[in-house]
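A.B. asks: Dumping the structure here so I can ask a few things about it.
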Amino acid sequence: MEMSDVEKTPERLARRKGGLRTMPFVIANEAFEKIASFGLLPNMILYLTFVYHFDAATGTSILFIWGAASNFMPILGAFISDSYLGRFLVIGMSTIISLTGLILLWLTAILKQAKPPPCDPHKETCIKPNAGQIALLFTSFVLMSIGAGGIRPCSLAFGADQFDKPENPNNERILQSFFSWYYASVGLSLMISITVIVYIQTEFGWIIGFGVPVGLMLVSAIIFFLGTNLYIKEKPNKSLFTGFAQVIAAAWMNKHIDFPLKDSDGCYYRGNNSKLVAPTQRLRFLNKACIIQNMEKDLNADASASDPWSLCTIQQVEQLKSLIKVLPMWSTGIVLAVTLSQHSFPVLQANTLNRHFIGNFKIPAGSFSLFGIFTLTLWIATYDRILVPFISKYTKNPRGIPVEYRMGIGLLISCLATTMSALVEKERRARALEEGLAEFPKAVVNMSAMWLVPQHCLSGLAEAFNAIGQIEYYYSELPKNMSSVAVALFTLGFAIANLIATFIVTIVDHYSKKGGQESWVSTNLNKGHYDYYWWILTILSVVNVFYYIICSCFYGNLDEEKVWNEDKEVEVEDKNGALIEMAKSPKILAIN
C-alpha cells in the first residue's frame with residue numbers, strides 16, 4: 001500500500017509523462033500543419049484572380065493583409081499561452097480553429113453559390129463576388145490566421161517542455177536532438193508544400209487542391225490529441241510582454257517623483273536573487289519604474305512588490321531598455337521583408353511563361369520560390385561549414401563575417417534582386433507585345449520561365465545574409481530569457497512589411513491608372529508595367545541601405561551597455577539556445 005501511494009505522487013506521475021514517446025505527436029502535428037497552411041499561399045493569387053475575379057492589385061493586397069495578420073497573431077498567441085492558458089490548450093484550440101478555416105476555404109471551391117460564376121474576361125464582363133461570398137472567403141482567412149497565431153509560437157516550446165528534465169545528465173543532448181528533428185521536419189514540410197501541394201492544385205483543380213490540406217490538418221489534429229495523456233503540460237507564467245507593460249505603466253505612474261542621489265543605496269527595487277543594484281542611465285526616464293518610495297508600502301513581507309504595476313525590478317527595466325535599443329536596427333529589415341513578401345506577382349509572371357522543365361513536365365507557377373529556398377540552404381551549408389573556418393582566421397570573429405556586415409550585404413543583394421526582377425519583367429513584357437499578346441493575359445509568351453530563377457536565387461541569398469544576421473543580432477544583444485522576443489521581432493517585421501506592401505500596391509494602382517491609363521499592376525500583365533513597380537521597390541531598397549548605414553553607426557554595437565543578470569537565464573538557455581540554429585532557416589522562422 002505504501003509503494004502504491006508513492007507511485008501516485010505528482011512527482012512520480014510527472015516522470016511518466018513527456019520524453020521521446022511524445023516526439024511523433026508533436027512533430028507530426030507541426031509538420032502536417034505546415035504542409036496544409038503554407039501549401040495554400042503560392043497559388044492563392046491565381047485563385048483570387050481567376051475564380052473570384054479580383055484584379056491583381058486587390059488580390060495581392062488581400063494576401064498581404066492575410067500575411068500581416070498571420071504574422072501579428074503569433075505575438076498575441078504567445079502572450080495568451082504564457083500568461084493564461086498554457087501551450088497545450090492554445091495549440092489544441094488553434095489546431096481546431098485552423099481546421100475550421102481550411103474547411104471554409106474548401107467549401108468556397110466546392111459550392112457554386114460560394115463564389116462568382118465562371119467566365120472568360122475576354123468575351124464577357126465577369127461578375128464580382130457578392131458580400132456573402134467575400135465574407136465566407138475572408139472568414140476562412142481570419143480563422144487560419146488565428147490558428148497560426150496559436151500553433152506557431154507554441155509548438156517548438158511545447159515540444160521542448162517534453163524533454164526539459166534538468167536532473168537528466170543527457171538533457172542537453174536530448175533537447176538538441178529534438179530541435180534537429182523539429183527543424184528538419186519543418187524544412188521538409190516547407191519543401192513538400194511548395195512542390196507537391198502546389199502541383200496538386202495546378203493539375204487536379206481547387207477542390208482536390210484545397211481538400212488535401214483539409215485532410216492533412218485533420219490528421220494533424222487527431223495526432224496531437226492522441227498524445228494528450230502523455231504530454232507534460234506546463235502551467236502558464238507571467239509573460240515578458242506583461243513585464244514590459246508593467247515597466248511602462250510604472251514609469252508613467254511615477255513620472256512625478258525625483259531620481260535618488262547617485263550614491264544612494266537601496267533606492268531601487270532589485271527583486272529576489274538579483275545582482276543588479278542600480279539601473280543604467282540610458283533611457284533614464286524608465287528608471288522611475290523601479291524606484292522604491294516607501295519600503296513598508298511598496299514591498300510585502302517577503303520582499304516582493306506589493307503592486308507590480310507601480311514598482312518593477314531593475315532587471316525588468318533593463319530588459320525593456322535592451323529591446324528599445326535594438327529597434328532602430330530592427331527597422332532596417334522591414335524594407336527587405338517587403339521585397340521578400342512579393343509572392344503574388346512572380347507567380348502571375350511565371351503563369352505567362354514557358355514552364356517546361358524536362359520533357360513535358362511543367363514546373364507549377366507557384367513553385368519557383370523553391371529556387372530561393374534552395375539557394376538559402378546551399379549558402380548556409382557552404383558558409384557555415386567551409387567559409388566560416390577560413391574567414392574567421394582573418395576577421396578574428398567566430399562567425400566569420402561580423403553580423404552587422406552580413407546584414408548590410410543582405411540589403412545590397414536585395415537591391416540586385418529587385419533590379420533583376422524589373423529587368424526580367426521588362427523583357428517579358430516586350431516579347432509579349434512583339435507577339436501580339438497585349439489582349440491575351442493568359443497566353444504563354446515565347447520565353448522560358450527559367451528567366452525568373454536568378455531573382456529568386458538573389459532573394460534567397462539576401463535573406464540568408466540579412467535575416468539570419470538579424471536573428472543573431474537580436475540574440476546577442478538581448479538577455480537569454482528574451483530569446484522568444486527575438487523571434488517575435490522577426491515575425492513582427494514581416495507583419496509590418498506586409499502592411500507597407502499593401503499600401504505601396506494600393507498607391508501604385510491608384511495613381512498609375514489616373515487619366516484612364518492602364519494600372520502598372522494591372523491584372524493583364526502585358527498591358528501593365530510591373531517593371532516600374534519593381535523599380536519602385538529597388539529605389540526603396542537603395543534608400544534603406546543608407547538608412548542601415550546610419551543606424552549601424554549609432555546603434556550597431558551595444559556590448560558595453562549589457563548589465564542584465566545572467567544567473568536566471570542559464571536555466572532556459574538550453575531551450576532557447578537553438579535560436580541560432582533556427583536562424584539558419586528564416587523561411588522556417590517566418591512561418592513558425
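Backbone N, Cα and C atoms are what each Cβ position is placed from, and that goes for glycine too.
The following feature annotations were taken from TrEMBL:
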type	residues	note
TRANSMEM	35-54	transmembrane segment
TRANSMEM	60-81	transmembrane segment
TRANSMEM	88-111	transmembrane segment
TRANSMEM	131-151	transmembrane segment
TRANSMEM	181-200	transmembrane segment
TRANSMEM	206-232	transmembrane segment
TRANSMEM	363-383	transmembrane segment
TRANSMEM	403-424	transmembrane segment
TRANSMEM	485-512	transmembrane segment
TRANSMEM	532-555	transmembrane segment
A.B. asks: So if I exclude everything within five residues of the ends of the transmembrane segment (206-232), which remaining residues of that chain have a CB under 8 angstroms from its CBs? That is, six or more out.
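C.D. replies: Apart from its flanks, the transmembrane segment (206-232) reaches 14, 17-18, 21-22, 24-26, 28-33, 35-37, 39-40, 43, 47, 51, 88, 91-92, 95-96, 98-99, 102-103, 105-106, 109-110, 158, 161-162, 197, 200.
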A.B. asks: Hey, does the transmembrane segment (403-424) touch the transmembrane segment (485-512), meaning at least 3 C-beta pairs closer than 8 angstroms, sequence gap 6 or more?
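C.D. replies: No; fewer than 3 Cβ pairs under 8 Å.
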A.B. asks: Are there residues at least 6 beyond the ends of the transmembrane segment (60-81) whose Cβ is under 8 Å from a Cβ of it, and what are they?
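C.D. replies: Here the qualifying positions are 41, 44-45, 48, 54, 87, 90, 94, 141-142, 144-146, 148-154, 236, 239, 241-242, 341, 343-345, 484, 488, 491-492, 494-496, 498-499, 501-502, 505-506, 521, 590.
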A.B. asks: May I ask for the residues of the chain that lie six or more residues beyond the transmembrane segment (403-424) and have a Cβ under 8 Å from a Cβ within it?
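C.D. replies: Hits for the transmembrane segment (403-424): 329, 332-333, 335-336, 339-340, 342, 346, 349, 451-452, 454-455, 458-459, 461-470, 472-473, 476, 531-532, 534-535, 537-538, 541-542, 544-545, 548-549, 552, 556-557.
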